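Over in Swiss-Prot, the protein carries these features:
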| type | residues | note |
| --- | --- | --- |
| CARBOHYD | N226 | N-linked glycosylation site |
| CARBOHYD | N341 | N-linked glycosylation site |
| CARBOHYD | N391 | N-linked glycosylation site |
| CARBOHYD | N657 | N-linked glycosylation site |
| CARBOHYD | N793 | N-linked glycosylation site |
| REGION | 589-872 | region 'Heparan sulfate N-sulfotransferase 4' |
| TOPO_DOM | 1-13 | topological domain 'Cytoplasmic' |
| TOPO_DOM | 35-872 | topological domain 'Lumenal' |
| TRANSMEM | 14-34 | transmembrane segment |
Amino acid sequence: MNLILKFRRSFRTLIVLLATFCLVSILISAYFLYSGYKQEMTLIETTAEAECADIKDLPYRSIELRTIKPIDTSKTDPTVLLFVESQYSQLGQDIIAILESSRFQYQMVIAPGKGDIPPLTDSGKGKYTLIIYENILKYVSMDSWNRELLEKYCIEYSVSIIGFHKANENSLPTTQLKGFPLNLFNNVALKDCSVNPQSPLLHITKGPKVEKGPLPGEDWTIFQYNHSTYQPVLLTELQSEKSLSFLSSQTLYATIIQDLGLHDGIQRVLFGNNLNFWLHKLIFIDAISFLSGKRLTLSLDRYILVDIDDIFVGKEGTRMNVKDVKALLETQNLLRTQVANFTFNLGFSGKFYHTGTEEEDEGDDLLLRSVDEFWWFPHMWSHMQPHLFHNESSLVEQMILNKEFALEHGIPINLGYAVAPHHSGVYPVHIQLYAAWKKVWGIQVTSTEEYPHLKPARYRKGFIHNSIMVLPRQTCGLFTHTIFYKEYPGGPQELDKSIKGGELFLTILLNPISIFMTHLSNYGNDRLGLYTFVNLANFVHSWTNLKLQTLPPVQLAHKYFELFPEQKDPLWQNPCDDKRHKDIWSREKTCDHLPKFLVIGPQKTGTTALYLFLLMHPSIISNLPSPKTFEEVQFFNGNNYHKGIEWYMDFFPTPSNITSDFLFEKSANYFHSEEAPKRAASLVPKAKIITILIDPSDRAYSWYQHQRSHEDPAALRFNFYEVITTGHWAPPDLKTLQRRCLVPGWYAVHIERWLAYFSTSQLLIIDGQQLRSDPATVMDEVQKFLGVTPHYNYSEALTFDPQKGFWCQLLEGGKTKCLGKSKGRKYPPMDSESRTFLSSYYRDHNVELSKLLHRLGQPLPSWLRQELQKVR
């Protein structure tokens, strides 16, 4: 009994002691939490006067420079994984615009509220080098399983995260970011933004400097923290203490912070708003560079060329006088202090010399007396648009007049650059313009804003046609009517906004090479051209580490294609699909001469038979024959493509009814061409695609026999088995023959390439065996696929010729029209050794084809079913 009483007393004593200990612990924790928070508040207190001081002297404990774990870029592909709120969210679109302008590869996915994240690795390598969340809350609120997977991937593959937090009316005034020692204060109005010059992520951005004035909007988020992993990147002040009463307006607050990865091993950069504020765009680009280990980074070199079009052109009152020309010369010298080798590039139309007022004519004369101070390029003599000239000789006459004017007045004629008025004839290509340019001026370079389209500007590219390098041209907000500052469209503040962090600044920021289009009228009156580029150069110099420089046009073009060699080959489009393109395309030309469907091959599968069957239909019309490649144009897969769309369209007759008539072409080399799908989709995106498949082993053997019949030296020297089994040591002609035998049979690979550019509804796959045995049924299927009318009865129009061994067209009087002697040749059967080898060689390809056909909902041809049975 006493033992029980003692135990009860001891138990009560233990309970009291535990309760006392818990209470003391709570009091101590509360004290330190409170003092820690107060300490943090004190730590970030400073004044605006300190904003340009050494950041080490600022009272930020977290600003102490710390060692950051280097990013290992070898474990991942240089691709960004972007989680967006929706496909059309504004911030998501702004992020994509910067990624695309910077030419960074990315994959966009909708951020899952619940559910799995996309696969992050492939064959042991990370698929993404950086992860961006449009809404960082989607990241922190992930379920524990997926968040653990994501963070494990980030740690193992040295991957970082960028996140944005955009407060809204439903945001709490204060929030703690789940899983982080980080407090967020939402819906704050801010002003006077400065860059932390000690931030390790700065690359393009220069600090310290202050952007005075209120920041756009009152929905900003500021970050507070009490951990050494965080470092401020962008600092701001409160507009007033009304935002959050417990925050001081005499304090600098971080609206972008960098997480050095000291907390959990993952580096991050967090933004307290979207990208509407221009400095956020600048820091965002630097954050991508830093967090990707410089794999996704922009060079600091920027090449700019300022063209002044329409020299001597313009009505009275809009041209340059003597004072304007002197200002042009003075400003050119001023700009050279910030832009190495800066020189204005003047485009002249000699016909309009001395057509202004007396003062303006004197300005013309001073320009010509200063001819050696500038670079010069020819416009058209009469400022006519080249596409309005339908023959080369007329263009040559105009150019000769301008050239004679240049020679008379000492204007250099050998700079190799020209620009067409309104970019006419450059793209869409007017072949007469390119020929005349080369003949008269020896032009090597031109520029246009129209390729592939005017907007969005970030998609503009260069290309080379007829040995003339075409560079993308940029607008700068100055047009022929933009003469007076106060009358600038939308008000002068719009021009200033474009210069100071807006569209014009971003053009410089995101493009390594920029050719700006301006006009003579922009340098008279209020001289907005001078105002724009002086202020732009000052702004770029003040806020960035970019190195501005100018190169002559030909050197600039070579530099451009050194940077972007993949752009050398053009990608032709239908001029009638873009109103601007149609407006600068000759009215004598038509878009009706383009095919509605393509028979793409592959070779030796029955494409010629299908071609002849199609021609039997009264509404189906093929291309005209080529003198070199017979019934095949072979446009999309080879050098013919560089002859341009006019060359291609000349092969097609004018349809009597563009609605009911179906133009088509058959080129069997298209099937396995790497270029053809992309090129075809660009020019005829709505075209339907027909391909024929037979056993790839039979196709390979048929090609070999075809080459023997055409006396291919390699086919005559080596038997079929030697061809298909030859190794890397083989002579070039044998390797070429082997590729032509084997590679077209990779059916799934090639079809997937076409499906990357055309929808499944645009593709018809024909069973080659069925086409040979039952063509009428196949042709009924083809007619249905094309939607062609009237329905043509092939059962009555085709007859089997036992002597030929295939189906022929039945003519009046019982006569037949069959394929030529070269078709349907009888070859010795394939040897069993080759058959066995090819069956093994194509096994995986056939399995992939079966998966593809299943996905497309198409039946498996009999030959494929037989081959798959061998796999089992």
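Glycine is no exception: its Cβ is also placed from the backbone N, Cα and C atoms.
Owing to the predicted nature of the structure, the values given are computational and were not obtained by experimental measurement.
Figure note: comparing Cβ neighbours within 10 Å for the glycosylation sites N226, N341, N391, N657, N793, the maximum is reached by N226. The glycosylation sites recorded for this entry are N226, N341, N657, N793, and the Cα of N657 lies nearest to that of N391 (N-linked glycosylation site).
Rounded to the nearest whole angstrom, the C-alpha distance between N226 (N-linked glycosylation site) and N657 (N-linked glycosylation site) is 75. N793 (N-linked glycosylation site) and N341 (N-linked glycosylation site) are 73 Å apart (CA-CA, integer value).
A coil conformation is recorded for N657 (N-linked glycosylation site) in the three-state DSSP classification, outside any helix or strand. Cα of N793 (N-linked glycosylation site) to Cα of N657 (N-linked glycosylation site): a span of 22 Å. Secondary structure at N341 (N-linked glycosylation site), as computed by DSSP, is coil.
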